[in-house]
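Novice: Could you have a look at this structure, given as structure tokens, before my questions?
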């Protein structure tokens, strides 16, 4: 922000503007990154299709756990199956320098797939606060930042876990053929989101509460009605914590607790985390509890995370906010920072109107 010399008012810096008009302009005026985003088909809405707008008093459909688990496991296991098929057919192992781009590309495609599905669901169910404000689009000046954030979000975490846990000589089949792998996986995926959210909560709340740290987080809060492509729209310092520090501390916590995560276990945990991060910035108007093998416990303690929780963090939060968790509400509940729900509170959920997460 900077003062307007003529009138003494406040003028918004161009880099802080969330103005998004580029999609309505002639394609010849688009820059390279705008064309790439369009080619990937990751827009949050189609401009030629209507989006339903619901008053806040309208009942909200429920999207349950089953179709979410099916979606995550289906797309999460595809890379492991392809990895194993390659090992069978060639008799070769996949070294780390080749495994990284292999898993990177497939993880990126999974995220792209999720964003496309969320667009369909948005056109079907509408968006939270839809009668007041449309979802923010990719800013006119921000296509490059958004494009690279997709790769950095996936790539930084993956590269770190390749270094910490990937063993080229251990194929996916060797891991999953051990019954203990399957016995531990439900607990690991459920605990991972809670542990990761603890470290995320601490750093995220500090970004809001400690004055000199706010400048590293403010870019992410320029959007009040985010869409999935703005999930990682942030300053570099925040990106480093989101993509490296918090995942590393989570891995280290499991290691210190005597539950070290191998690469394939971590891979499945990360499917749940990224799925929830993308959903949490979608604003799709459904009552969706973040998928977890421990969701039954979280819901019984009123610690489950819904789509609206992080949406309210953006909509009403700036320097001071609530709903700091991004995977659960465990730590918001513990530290007294849970915010209200305006549309997806219990009495306004229509459980007879079931939404679902389509595989295809």
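Cβ from N, Cα, C; glycine included.
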Novice: For the annotation transmembrane segment in TrEMBL, which listed range does it cover: 30-50, 51-71, 72-92?
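Specialist: The range carrying the transmembrane segment annotation in TrEMBL is 72-92.
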Novice: Among 107-130, 179-202, where does TrEMBL put the label transmembrane segment?
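Specialist: From TrEMBL, the annotated transmembrane segment range turns out to be 179-202.
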Novice: Taking DSSP states H, G and I as helix and E and B as strand, how many residues of the domain 'Fatty acid hydroxylase' (191-337) are helix, strand and coil?
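Specialist: Reading the DSSP string over the domain 'Fatty acid hydroxylase' (191-337) gives 94 helix, 5 strand, 48 coil.
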Novice: For the domain 'Fatty acid hydroxylase' (191-337), what's the mean pLDDT in this predicted model?
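Specialist: Within the domain 'Fatty acid hydroxylase' (191-337), the model's average pLDDT equals 96.
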